[in-house]
Amino acid sequence: MTGRIWPLVRVAGGAAVLGVLVWRVGTHPFVEGLRAVGPGSIAAALVLVAGTTLCSAERWRLVARSSGTDLTTRQAVAAYYRSQLINSVLPGGIVGDVHRAVAHRAVRSVVVERVVGQAVQVAVGVLVVLVAWPANLAPSTFVLAAGAAAAILVLAVLVLVMTERGWLEVEVVPTVLGLSALAAVGHAAVFFVAAHAVGVDAVDGLLAALAFVVLVAAAIPANVAGWGPREGAAAWVFALVGLGAATGTAVATAYGVLSLAAMLPGVVLLLARRAPAAEPAREEVGARG
């Protein structure tokens with residue numbers, strides 16, 4: 001019973017955030033964010049997301065190898081695009097990862113690479129906020145520094161546990177962490193594109209800090225096809241720095257639309273996987289041993 005209710009609770013949570021946001025700022029910021037998206041911003045998002053997907057897929061390939069599953073870069077990229085597409089259109093934000101884990105019989109590697117990726121994103125985000133956050137605004141520099149130290153410590157402990165248990169090979173740890181950092185920066189760059197499309201006037205350092213706050217919130221698996229916590233966090237943090245909740249909502253909306261548009265390759269790959277002519281013999285990716 002709990003297993004059936006929990007997904008509904010996650011979706012309800014995301015819907016509740018959106019409902020409160022519409023009540024507070026209205027629907028105009030959502031429309032403004034949608035209208036801000038154009039061919040140029042979509043093209044930029046396609047390129048940036050292609051880069052982040054390649055980094056994430058290569059991270060997964062290396063982690064999967066540590067767990068005894070062989071994947072080619074092509075297989076990993078195709079599966080990751082499909083996974084992101086499914087996450088973008090279905091409630092909860094994790095269905096695509098579940099599909100990827102089951103389809104490739106690689107549950108452990110998917111869990112490990114997602115946990116590492118999120119931990120690195122949080123660590124990078126806290127460090128960026130520590131450097132770029134306005135000194136006259138809460139939280140204080142001391143609190144941010146403590147948060148950064150805690151995030152790095154948690155990441156170090158996670159990596160140590162994973163390597164000791166054989167879930168992650170020691171020699172690939174630097175590469176996995178580097179790829180995760182690049183992917184996080186790539187997602188922040190898409191946020192920059194969205195902010196500039198909306199017309200936000202803010203220094204790049206502050207915009208980077210805002211981006212990572214929103215990205216961390218976007219990873220919360222309580223949403224409606226990716227919508228909810230992301231927009232709520234954007235409204236809150238933009239208001240906090242004096243840019244306005246409506247502006248934050250518009251930027252988050254533009255970011256959501258750009259991220260979805262950048263999943264176009266995932267649509268092509270998903271259709272190609274279903275078409276018998278495109279894939280005459282289904283390729284199984286199994287685990288060694």
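Each Cβ is built from the backbone N, Cα and C atoms, and glycine gets one as well.
No curator has checked TrEMBL annotations; they are predicted automatically.
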Listed range which TrEMBL flags as transmembrane segment, given the options 232-248, 266-282: 232-248
Folded-back contacts onto the transmembrane segment (115-135), same chain, C-beta under 8 angstroms, at least six residues removed: 56, 59, 63, 141, 144-145, 147-148, 151-152, 154-155, 158-159, 162, 168, 176-177, 180-181, 183-185, 187-188, 205-206, 208-209, 212-213, 215-216, 219, 241
Same-chain residue ranges lying at least 6 outside the transmembrane segment (7-25) that approach it to Cβ under 8 Å: 91-92, 221-224, 227-229, 231-232, 235, 245-246, 249
Listed stretch, out of 37-57, 141-163, 205-225, 232-248, that has the most CB pairs under 8 angstroms to the transmembrane segment (175-199): 37-57
Distant-in-sequence neighbours of the transmembrane segment (205-225), which means Cβ under 8 A and at least six residues beyond its ends: 9-11, 13-15, 18, 88-94, 118, 121-122, 124-126, 128-129, 131-134, 184, 187-188, 191-192, 195, 232-234, 237-238, 241, 243, 248, 252, 255
